[in-house]
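Structure first, commentary second.
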Amino acid sequence: MASSVGWQTSASAIEIAMDRIKSEHLIDNIGINFIYVFDDCNEAKAAGLSSKLLMDANVSAIVGPTCNAAGLAVVNLAGYYNTPVLTWGLTISSSFIDTSKYPTTVTIVPVAKSIAAAIHEVMIQFEWTEFVYVFVEDEKCGYFRDDLEQITSDSNYTSLSRTIQIYDQSYTNLVRQLEKLKTVSRIFTVCLPEAGDIKRRFMLAAYDLDMTTDEYVYLFAGPKSTAYQQTSSTGDVVGIWVDWSENPDGRDEEAKLAFMRTMVIVATPVQGEQYAAFKKEVIERMKLPPYNCVDECKEKEYQEAAEYADQLHDTIYLYALILNKTIEEQGIEQIANGSNIVTRGAGIEFEGMSGVVRMNGIGYRLPNMNLANLDSNATQRTVAYMDIDSTSVNWTFAIIDQALIWDAYNGKLPQTRPECGYSGKSCPVNFFVDYLYIVVIVAVIIVLCCAAAAIAAFLVIKARRDEELRLDDQWIVPHGMLQSIIKGRKESHHSSRSLQSNSTTTTGTTGISSRSVFFPETETQGYFVYMNEPVLARKYQLRVPIFKQDRSELRMLRSIEHDNVNRFIGLSIDGPVYMSFWRYCSRGSIKDVIAKSSINMDGFFIYCLIKDIASGLQYIHHSPIKQHGSLTSECCYINDRWQVKIGSYGLSFMQGVEKRTEDGLLHTAPEVLREGLTSGTQAGDVYSFSIVCSELVGHSSAWNLENRKEEADEIIFMVKRGGRTPFRPSLDDVDDDINPAMLHLIRDCWDEDPKQRPNIDMVNKLMKNMNSGRSGSANLMDHVFSVLEKHASSLEDEVQERMKELVEEKKKSDILLYRMLPQQVAERLKLGQSVEPEAFESVTIFFSDVVGFTVLANKSTPLQVVNLLNDLYTTFDAIIEKNDSYKVETIGDAYLVVSGLPRRNGTEHVANIANMSLELMDSLQAFKIPHLPQEKVQIRIGMHSGSCVAGVVGLTMPRYCLFGDTVNTASRMESNGKPGFIHLSSDCYDLLTSLYKEYNTESRGEVIIKGKGVMQTYWLLGMKEESA
């Protein structure tokens, strides 16, 4: 034990650690006193001593024990007292990292499970499927065996075929044991003590048995492996193959060759002179206080530092770091809290004497292990780095070139099992030597069969080639056989002319009907007659060579047949431009149908069109075409039965070089735009399908460009850019009869992530479910006929309803017209007849004027003036209607009325005007001015009877006007009258009094009238009392 964890060879590592702690001022304010007890790796003794330390000495922490059984007893007891235990040395049992049992344990030792995981990872990395574990009677090697058996039993890749324990470590016994293993394995994992020359003896035994050839690999592993170095009695670091005893055996070179067949798993140590100086200082400081080990430590066995002295150093330093962290974060009162000390160690990392120390949060060191070997010059180098956490290993090759790793093996990785087996007797039989006659017979048969197969293959290939040529003739469209369709009809026939001549012919024998519709020809599309049938042509601006695989694709396209896929006719390659030809569909494309807006597309109509597109796309995706790649509304054609047929598919050799049009880019998926894919994808087709659907449900072009502020290139840029909220067409303005599930499907189909879009099979399934409950029309044609029948029946009702509305509106317009013109005149104008001026022999004309109107106007606002006149004349108009009179016009406050025209009424006109004048005078008695209640309205009235001429003047706002001296005389009667009086001319007086005796009149006498001279005039005072 002295060579591993002996007190005489390791205790001073504590003082060396304390010197470092003090120099770094980690715990300046805390004094640490050490109590040394010796358990001698005895489990009972260790339990008793630790009990006294915990109960009597009230220690803050226990460092040790260094053996597994004793250590487990102590950590079990310390857990009860919540006192931290820091283990080191030989305590490699994996039980120490079980925090459920031992929550106060901190171990700096790489446990056996970690070493076993590293060994297992080596086997996996180099593809060794089985190996043998060789170990001596040593506690740590036993733990390795147990954990290695557990890990390999759970592994699906490598297995532990055998474990061999060596009890006698003599050279003779090593030879005997290895000779047994020679026929068992070629990959060996070896666990031997680090001290002494046991490793050298083991490898020399293998060398002597010829077990150090390129077939053998020996993997040494241990928590404290010194790799390929050892410290001699003089303190020098020499190779592990060197015999530095007093009587060397002289086999150092043979031992070196043997060690070139080994690999070692080692912790990352402090390299070189620093580590050697530490080990030397450990021995020297044991002679100094507080140890004063002078006489005892002179013994030869105590002249080299213990194997695990560096771990004791790192344990003390780690404890100081944890204390420092605990005090800074929680205070000094927590430094004896065992479970808390464990968690405080999380994240601590430092360069110790045992290598890089990294701690996790459960008191367990995460070992950094290296895999090392010797190169062809016997120089140690690191092959790989391993970061280990319990059973998981993060492997990184330090040397990438496998040949360089195995340069000592001539650059070849040793195999798990040799080609000839472990015994060397299982080499493959040389079949050609042992069975030559069978080989000859079989060879002859094979030659004959090959000749027959070659002849048959030739015939099959020739027949297939002839068939391919025949099928090629079907898709090749000679340019000379095309006829161009000329727009317009002549005598109910379409005319066309050959592309190769100037002669004009009539295509009365072709398949073009008198009702065929051909849409405008563009740079990419045209219409022709081929084989007496109209065809649709797609033009290509580039010419590309057509290879064998392209011809195969064209033959395949000719075989495509589906109700919703437009038939491919062929390809013309001998004209000015390449043109592909497709079956002509009389109703054009979906884009054309939407643009014409002549079809009433309801929800079911749109559903049927979309279902046809989805069905055709599903066929394409499951056909050898795989994807469409450039689906737009322009390549979805509709035949005369309103069936959608998808065209412009396939021709991948043209798609790869043809530049997409602007309309095509508006239908292209964002990932296709970003990645520049020319052939497209199935997910991209589903996106294009959704854009076409948005056109149908929105009754608009793609993205509704006509009503958007963005240009097409801006939309393409925003779609290509993507983002958290992708830019997509609006589905807000759709008809109410569109199924909401259809809108959800469209949004799913244009999802930014292609993986989130439904495939076309799912789309068709969802489309079918949308119509599962519909009764009535089963297809679009039935639906169209049903709609036409309903439309015809409702059209009759609508016509009758419109006629009623028209009659009502006519009545309203007639009433308005009759108020503007006399009815007789208006009727003639409505009939389009001219209204000639007409002379009337006897009429009576009435003029009136508001007295003092200017004064009233000055007292009123313009709006009040208008309201005053409107109220006054509304009162007058009601009186006029009762007296067979016609109001000619009102000019300001002047009022002109006539009776006796345009309907002649004999001599009643004078009585009508007289009665009307009297009623007007009476109505003024009760008339009030709303804004001038104290004011009274008075008028002057003038009347005159005589002849006049009437006629319509003007075209815009025509007026029925009176002409003649009678009009002027009536006006003079009004202007020369008095307020509140009715002024009559002598002619009017004579006519009135001669015919009607009931009126009360009075002579005014002679009055000078302007333009007339002296005239005898009269006042109309009212009705006689007996008449009233």
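Any Cβ shown, glycine's included, is placed from N, Cα and C.
What Swiss-Prot records as N-linked glycosylation site, among Asn324, Asn858, is residue Asn324. Per Swiss-Prot, the annotated N-linked glycosylation site among residues Asn156, Asn883, Asn915 corresponds to Asn156.
Most Cβ neighbours within 10 Å, among the glycosylation sites Asn58, Asn156, Asn337, Asn377, Asn394: Asn337 holds that distinction in the structure as shown.
For the domain 'Protein kinase' (499-770), the predicted model reports an average pLDDT of 86.
Secondary structure at Asn394 (N-linked glycosylation site), taken from DSSP and collapsed to helix, strand or coil, is strand. Per Cα geometry, Asn156 is the residue among the glycosylation sites Asn58, Asn156, Asn337 nearest to Asn394 (N-linked glycosylation site).
Of the recorded residues, Asn337 (N-linked glycosylation site) and Asn156 (N-linked glycosylation site) place their C-alpha atoms 43 Å from one another. Ranking the glycosylation sites Asn58, Asn324, Asn377 by the distance of their Cα atoms from the Cα of Asn156 (N-linked glycosylation site) places Asn377 first. The two recorded residues, Asn58 (N-linked glycosylation site) and Asn324 (N-linked glycosylation site), show a Cα separation of 21 Å. Reduced to three states, the DSSP call for Asn58 (N-linked glycosylation site) is coil. DSSP assigns Asn324 (N-linked glycosylation site) to a helix. Non-local contacts of Asn324 (N-linked glycosylation site) by the CB criterion (under 8 A, 6+ apart in sequence, same chain) comprise Leu26, Ile27.
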